[in-house]
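Notes follow the structure.
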Amino acid sequence: MATMEELQREINAHEGQLVIARQKVRDAEKQYEKDPDELNKRTLTDREGVAVSIQAKIDELKRQLADRIATGKNLGKEQDPTGVEPGDHLKERSMLSYGNVLDLNHLDIDEPTGQTADWLSIIVYLTSFVVPILLKALYMLTTRGRQTTKDNKGTRIRFKDDSSFEDVNGIRKPKHLYVSLPNAQSSMKAEEITPGRYRTAVCGLYPAQIKARQMISPVMSVIGFLALAKDWSDRIEQWLIEPCKLLPDTAAVSLLGGPATNRDYLRQRQVALGNMETKESKAIRQHAEAAGCSMIEDIESPSSIWVFAGAPDRCPPTCLFIAGIAELGAFFSILQDMRNTIMASKTVGTSEEKLRKKSSFYQSYLRRTQSMGIQLGQRIIVLFMVAWGKEAVDNFHLGDDMDPELRTLAQSLIDVKVKEISNQEPLKL
């Protein structure tokens with residue numbers, strides 16, 4: 001007699017056959033609609049018969065499996081009247097009922113979910129592609145990110161583009177870009193590229209190209225990113241020459257012989273980061289430079305703010321040890337939390353429901369970035385917030401409400417029309 005595992009395997013095999021059989025039926029139906037002759041009719045009838053017989057076999061196997069499960073439950077009850085399952089170490093039954101069996105066979109504990117990515121391997125892989133396919137994939141994972149993830153969740157997708165190809169024995173073959181879209185149970189390899197890792201890497205490698213094409217993630221566009229980025233060179237230069245309250249106000253501190261400035265503070269921060277820079281980080285930058293990537297050198301670079309245009313979930317590894325860059329990303333993540341808090345405050349609901357809508361972009365960014373090897377300079381984030389926080393908030397997109405007078409007029413028209421055609425209470429606009 002077949003075991004339950006064997007029955008389940010047989011059911012799975014037959015279900016695969018059923019999918020193929022149903023596809024053949026659909027193909028035969030299309031052919032019969034095009035050319036309704038006797039041969040096509042007989043083909044359609046035969047294929048429908050095959051699909052019906054496979055379905056009947058599946059139903060029979062499922063019935064056998066259900067009987068086997070029921071028999072096993074009854075045996076368990078007869079063997080132990082206390083209701084304790086065989087193999088359970090308890091002498092008396094727990095107050096809790098038995099739940100699902102969780103299969104751990106697919107897990108690899110040497111590479112647990114959430115481990116630090118192998119950024120060097122990821123950068124080496126990505127720089128083997130031409131820029132057009134990388135930017136198009138970035139667009140699909142930012143502007144169209146939600147739909148792309150929804151349609152392909154739990155799979156490993158391949159991006160293809162005519163610009164990306166390789167020659168194999170003189171034959172031109174497409175070179176696909178692989179990205180994994182994990183679900184909640186997935187365990188990612190260190191070198192595996194997820195949407196978050198992809199955005200992080202590409203944004204750090206090609207900020208100038210992203211700026212030239214104005215490729216801004218919707219997540220960033222709603223927090224006033226463009227307002228801060230449009231005159232970035234002037235804005236950052238103005239900020240750098242401002243007096244810094246975090247340093248002693250003595251002429252000896254400043255390179256220019258005046259009061260200590262924000263530039264002086266970042267200079268000190270850069271020295272500290274230079275001592276912390278890892279071999280992996282140096283290798284990443286060396287490889288990216290050799291590959292011709294347009295990386296930034298410091299926060300004054302014209303495209304430095306564009307490192308965050310694609311909403312990476314941590315500071316890109318190519319600019320992790322550049323003073324002020326990781327903190328600039330943290331500033332944007334706080335703005336995302338601020339906007340979400342404002343939106344939650346607008347919505348109708350209890351305080352508990354609103355609390356559930358609280359955002360944690362900053363905590364996530366902080367945790368991910370610090371796992372890469374640096375501590376964020378919280379004081380620098382404060383300086384950014386004091387300088388640009390109000391301007392950014394004033395440029396938030398908050399789903400602008402209708403003008404009150406216009407809303408009242410539209411609602412009155414709705415009320416009149418609903419009363420004409422129904423005795424129901426009109427809904428609010």
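Each Cβ is built from the backbone N, Cα and C atoms, and glycine gets one as well.
Listed in Swiss-Prot:
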- 1-175: region 'Viral panhandle binding' (REGION)
- 1-100: region 'Chaperone activity' (REGION)
- 1-79: region 'Homomultimerization' (REGION)
- 1-50: region 'RdRP binding' (REGION)
- 4-31: coiled coil (COILED)
- 80-248: region 'Interaction with glycoprotein N' (REGION)
- D88: site 'Important for the endonuclease activity' (SITE)
- 100-125: region 'Homomultimerization' (REGION)
- D103: site 'Important for the endonuclease activity' (SITE)
- 150-175: region 'Interaction with host RPS19' (REGION)
- 175-217: region 'Viral RNA-binding' (REGION)
- 178-181: motif 'YxxL' (MOTIF)
- 188-191: region 'Interaction with host UBE2I/UBC9' (REGION)
- 373-421: region 'Homomultimerization' (REGION)
- 373-429: region 'Interaction with host DAXX' (REGION)
Query raised in the report: Which bits of the chain, at least 6 residues beyond where the motif 'YxxL' (178-181) starts or stops, bring a Cβ under 8 A of a Cβ in it?
Result: 137, 141, 148-149, 152-159, 188, 192-195, 198
Requested in this report: Please work out whether the region 'Interaction with glycoprotein N' (80-248) lies in contact with the region 'Homomultimerization' (373-421), by counting C-beta pairs under 8 angstroms that are 6 or more apart in sequence and asking whether there are at least 3.
Outcome: yes
Query raised in the report: Across the region 'RdRP binding' (1-50), what does the pLDDT come to on average, as a whole number?
Result: 84
Query raised in the report: How do the residues of the motif 'YxxL' (178-181) split into helix, strand and coil according to DSSP?
Result: 0 helix, 4 strand, 0 coil
